[in-house]
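Lifted from TrEMBL, the feature list:
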type     : residues                       : note
DOMAIN   : 13-265                         : domain 'Glycoside hydrolase family 65 N-terminal'
DOMAIN   : 322-688                        : domain 'Glycoside hydrolase family 65 central catalytic'
BINDING  : Trp357, Asp358, Lys601, Gln602 : substrate binding site
ACT_SITE : Glu488                         : active site, proton donor
DOMAIN   : 698-758                        : domain 'Glycoside hydrolase family 65 C-terminal'
Amino acid sequence: MNPYLKHDEWCIIEEGFVPENTRASESIFSIGNGAMGQRANFEEKFTGSTLQGSYIGGVYYPDKTRVGWWKNGYPEYFAKVINSTNWIGINVIVNGDELDLAKCKVDEFRRVLNMKEGYLERSFIAEMENGIKLAVKSTRFLSMVDTELGAIRYSVKPLNADATIELRPYLDADVRNEDSNYGEKFWEVVDTSCTPKISYIVSRTKKLDFHVGHAMRNFIALNGNIEHIQPEVNSSAMYVENIFKVEAKAGDEVTLYKYAAVISSLNHEKGSFPKVLDKLIDVAVSKGFDKMLQEQSDAWADIWKHSDITIEGDVAAQQGIRFNIFQLSQTYTGKDERLNIGPKGFTGEKYGGSTYWDTEAYCLPFYMVTHGQKVARQLLLYRYKQLDKAIENAQKLGFTGGAALYPMVTMNGEECHNEWEITFEEIHRNGAIAFAIYNYVRYTDDKSYLVHFGLEVLIAIARFWAQRVNFSQEKGKYVMLGVTGPNEYENNVNNNWYTSTIACWCMEYAEETINYVKSADPAKYKELAEAIKFDEAKEVEKWRDIRNNMFFPFDEKLGIFLQQEGYMDKEQILVKDLDPEERPLNQKWSWDRILRSCFIKQADVLQGLYFLEDRYDTETIKRNFDFYEARTVHESSLSPCVHSVLASRIGNVDKAYELYLRTARLDLDDYNREVKEGLHITSMAGTWISIVEGFGGMRVRNGMLTFNPLIPDKWKSYSFKVWFRENILKIVVSSTQITIFNESESSLTIKVYGVEHKVPGSSSINVPVQKQLF
Ligand code: BGC
């Protein structure tokens, strides 16, 4: 743990310059706007350790697969959202010497991520080798309103002497990814222009020929007044620069305003780039920095209105949850259905910015409840549009007849993952994609989604499961062999309870949805059935037969679902008995030892109990929770949240809180000493789930919102927002009382602890805190 950040309710604050923390801070202080993201790299030159990162959603490179031992069925490439042109750069030269924080004395360094208003600020005093003391302050943001624009205000003030200040804002397309498989560069420059008014670089990615365009226009102000100075220009093949030279008196403040536009061929004709960039820069300049910043702040106020969580009595927890909400909200906005949420968002290179099952299993609830139905629907449509590729993917592995296997990792629907035990075996991801459809419809009641999109996906997934099982003559049951469950510390196991359970559930839900669509829109159903050659009688009959005769491993003595057949053959040791020196296991033990041990990386059986909770009584959940929690090392950041929700579900608030704490400040306190690689964006949604579904006990049952709140001892009160269909609710829970505000006009009936309450529009109700009742 490296808790170097200050606690504050709305801001992330770093004080003091510690070069070793630079990469970590670059991740933590990242900014984004759903369309692009930017690590918190310094504007001025920095020769210390840094990971330059500027990413554009949907612009990726298919980096040729690198494996030791090729296996048929492996994908040819791993898709990577790639580091693109550096648009933030501003070189600062004072009396001929370049400012570089790695080479001068730095005082009063302060970096603030203002989450309430959505901008990043940094200030410091640098004592340069030439003796000049310089006060520097920068503010920058990526506009949530004009999502192709970013802006920087960068001020320098010589404190102890008059000085010649050169500010050299630039665009640099000569960038690379640290994780490039073959050290290859992914970009080629197509066109540059460098004029005192506007400068731009258009570059293209190799192989896929994505074009991106970056433009800048710069202004100088002296002591707050814009100076109409013509910059000199300078350029080379992949670089354009403006040069402003100002003679400043000691105490004068020289400010550079840098407006940047960033576009890609996802949204614009390749030939139109110079014109589009020109227009965008005009928009920025005509609004000006202050107005753009005001709009940014308004846009964030709107986001917080639907999504804020408050925690009274625990500033660290308050900051943690807001940080998670902030990062999630700036990673994905739902404005573009081609985009999705990478496990690290736009904050680093790891995981390539690609889509994992994390989206459906963890992120969907957050976006659905706080950003509304439309945003959640976009996430589902992303997979709908990739159905053909999922069918192709299944065909490559030998499945037929329209069976779909969604990829474990993808950018465009094609599989990019290349470890056989995950690529071919971690097939439970198909279940999460089906479950997300169910979860969405349950919450929004948008059944039209099933008619137009959902059913087709559900049938294709059910078809996959029906072929993936086989009938064991020995057992007289269907079995599912050679799988990897969510717990990646077991590979190639037979009858993983979670995978078999979610598979059967998928076949059941597909049947239920067929019946719904058949009656709601018979013509549409007929059209679909014909298009996909669906033999309903035969196929559904097969699904039923599988569901009725599936083998599920169960331990009679303990009364628990077994993670997989043979799990109890393992030496049963508990996490509490592990030497802390041996943790994390994935760094300290051989892979062989991990595979043979009983230790569990992340929720597996418990993932199933979480999804399908209504099917199990509290005692069953409790028995399984106690057994598996004791054996789970939570070495995936996605794990503690599921355990936390279940701990709340069984009324164990202390355990729920302990597990909650493991994710809430995971990145801020850098528990795993890896935040430098990027933030754990998808697991941040899990933290939100721990509060809303865990402590708040929120569920939707029979179309009604229900709450069963409890409160951790450490908190005086907490509140969360829920956007449910037409209503926005604010739920406040203290140690004695629950208050539900209905912030909308229309009334809503909800249940608290099993009792119905009507909450009239624009008013609230109070209910005393009780023991939970599910
Ligand atoms: C987890 C997977 C997850 C992936 C990306 C892995 O460590 O085991 O469940 O999808 O990280 O977050």
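Cβ from N, Cα, C; glycine included.
Close to Asp358 (substrate binding site) in the fold, though at least 6 residues off in sequence, lie Ile341, Pro343, Leu638, Thr682, Ser683, Ala685, each with a CB less than 8 Å from its CB. Rounded to the nearest whole angstrom, the C-alpha distance between Glu488 (active site, proton donor) and Trp357 (substrate binding site) is 14. Sequence-distant neighbours of Gln602 (substrate binding site) (same chain, 6+ apart, CB under 8 A from its CB) are Pro486, Asn487, Glu488, Thr632, His634, Glu635, Ser636, Leu638, Ser639, Val642.
The Cβ neighbour count for Glu488 (active site, proton donor), using a 10 Å radius over every protein chain in view, is 21. Overall, the recorded substrate-binding residues Trp357, Asp358, Lys601, Gln602 cover a maximum inter-Cα distance of 16 Å. Take the CB of Lys601 (substrate binding site) and look out to 10 A: across all protein chains shown you find 22 other CB atoms. The secondary structure of Gln602 (substrate binding site), as reduced to three states from DSSP, is coil rather than helix or strand. Close to the recorded substrate site, the chain also has Tyr356, Ala361, Pro486, Glu488, Ala603, Ser636, Leu638, Ser639: residues not among Trp357, Asp358, Lys601, Gln602 whose Cβ is within 8 Å of the site's Cβ mean position.
For the domain 'Glycoside hydrolase family 65 C-terminal' (698-758), DSSP puts the residue distribution at 0 helix, 38 strand, 23 coil.
According to DSSP, Asp358 (substrate binding site) is assigned to a helical segment. In the structure as shown, the Cβ atom of Trp357 (substrate binding site) sits within 10 Å of 23 other Cβ atoms.
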